[in-house]
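Taken straight from TrEMBL:
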type     : residues  : note
TRANSMEM : B:20-39   : transmembrane segment
TRANSMEM : B:45-65   : transmembrane segment
TRANSMEM : B:72-90   : transmembrane segment
TRANSMEM : B:126-144 : transmembrane segment
MOD_RES  : B:179     : FMN phosphoryl threonine
TRANSMEM : B:209-227 : transmembrane segment
TRANSMEM : B:258-278 : transmembrane segment
TRANSMEM : B:290-308 : transmembrane segment
TRANSMEM : B:314-332 : transmembrane segment
């Protein structure tokens with residue numbers, strides 16, 4: 001019994017892609033897409049894709065938000081573009097084509113950030129061009145956008161990007177709070193002069209905990225976030241099981257002649 | 001009908017339970033604690049108190065979260081041992097929150113998150129130490145100096161120690177000085193001889209104070225060997241490798257390096273060799289493995305002391321070799337009874 005449960009749990013991601021394969025017809029379930037992107041199939045917490053920028057730049061909220069937004073825009077754009085050309089690209093060249101599309105969107109974002117948020121662009125450095133190699137984006141292009149119409153693909157890109165950004169910001173907030181005792185410092189880099197006073201010093205005269213600012217802190221922070229998600233999932237599963245048990249055994253009763261009677 | 005009750009001989013010597021081993025190791029640190037208190041004031045003892053309270057509290061809390069038997073695991077003294085090792089390793093007047101951070105991180109993250117005592121791949125005390133060393137470089141570099149050499153000419157009184165640890169002591173700078181290793185690391189362009197003649201941290205009083213500390217831990221460590229809690233392999237390999245490394249490089253370049261004697265009797269050399277490297281959980285198991293593991297630590301200590309970013313390298317040396325310990329164990333399995341020769345390494349298509 002237990003093993004079959006485990007197998008279904010493990011297969012949830014696989015099943016999901018199979019769903020996508022099957023849903024070539026334009027009957028995509030939007031609620032499912034939203035739930036997948038934000039929670040069930042979250043690129044950062046479940047698929048563990050795009051870890052490199054995620055661990056490297058999430059030392060403050062503003063860095064995380066900047067990279068999260070950039071990734072979100074690229075993800076939506078590439079999903080739409082890939083979905084548009086999905087019927088015209090031969091299978092053999094589809095991956096290079098996708099990478100070209102993603103690269104052009106990344107270049108756009110890079111130039112935009114260079115124009116409007118130059119300091120943030122400098123802080124994020126190499127990790128903006130590296131969005132091209134973010135597996136989450138190529139993964140969504142290949143697994144979803146190349147098999148679905150434009151609207152579901154755009155929504156999928158948006159929700160996956162949102163899920164990724166949410167975790168980035170959560171990790172950034174965690175590390176900034178533990179590392180420097182502040183939140184939302186330097187938000188003017190992204191939102192202009194209006195945001196100069198957004199900085200919230202949570203702890204006065206706080207000794208900087210360099211460990212949280214340095215990359216090892218990101219690993220531990222991400223580990224804690226994943227553990228938190230698993231804990232919530234587990235609790236939800238238990239709650240559902242308890243509810244089911246309360247309802248009593250299912251109405252259709254079949255007579256078993258072999259095996260254990262539970 | 002029980003025909004023969006055999007348990008592993010190494011785990012069940014009569015009366016020698018985990019708690020007994022841990023208690024003996026704690027007792028063996030007493031000479032070192034006494035000497036440290038005598039030389040550097042009450043801070044060490046206050047640190048120990050803070051560390052023990054923090055260790056018991058965080059161990060109890062995390063055990064409760066993990067739904068394990070709290071009192072059963074608290075009674076094995078392993079949390080207290082981690083606390084004691086950290087308490088003596090941290091600088092004597094370090095603020096209380098540094099100690100609490102180190103201890104709780106060691107217990108919660110380095111030990112319990114991996115599954116508790118016996119499952120931790122890294123030495124918890126050294127993980128805690130490395131975390132605070134990386135995070136708070138300033139308080140971690142404030143060692144109390146010997147009273148002959150510091151500006152105030154005194155060690156901290158009990159009240160001053162309390163003030164330094166729990167509040168703030170503005171005059172703390174007149175009680176602290178660089179340790180010999182720190183002084184030697186930052187001798188910059190001076191050659192060794194001038195450095196030993198001129199730098200305050202390298203004066204006889206300062207160097208001798210660390211000699212006493214190391215001798216005290218050597219005595220405690222020899223006691224552990226006599227009680228057969230640790231074997232001689234790891235400490236001898238650590239100290240031997242440190243001796244060989246420092247000896248070779250001293251012969252090559254007399255002007256810029258310190259003598260092997262200096263390296264063996266300063267910093268955490270003895271403490272690391274006898275109390276840290278011999279942790280039964282995170283070190284190697286077989287005797288040959290222990291020799292390799294210890295030698296690796298000794299080499300790393302010298303490398304970090306001579307060319308690394310920190311004055312002493314015991315913590316990082318031990319942590320790095322902890323990574324390698326499973327691999328070393330894999331390649332140094334002793335010959336099993338009934339087999340012609342020892343199994344060593346991976347054989348493709350073998351019985352795995």
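Here the Cβ of each residue, glycine as well, is placed from N, Cα and C on the backbone.
Automatic prediction, not curation, is the source of TrEMBL annotations.
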Among B:45-65, B:72-90, B:290-308, B:314-332, stretch most in contact with the transmembrane segment (B:20-39) (C-beta, under 8 angstroms):
B:72-90
Are the transmembrane segment (B:45-65) and the transmembrane segment (B:314-332) near each other by the rule of at least 3 C-beta pairs under 8 angstroms (pairs 6 or more apart)?
no
Same-chain residues at least 6 beyond the ends of the transmembrane segment (B:45-65) whose Cβ lies under 8 Å from its Cβ atoms:
33, 37, 73-74, 79-80, 82-84, 86-88, 90, 92, 94, 96, 99-100, 102-104, 106-108, 112, 161-162, 165
What three-state class does DSSP give the residue listed as 'FMN phosphoryl threonine'?
coil
Near the residue listed as 'FMN phosphoryl threonine', which residues of its chain come within a Cβ-Cβ distance under 8 Å, counting only those 6 or more away in sequence?
B:143, B:201, B:206, B:210, B:266, B:267, B:311, B:312
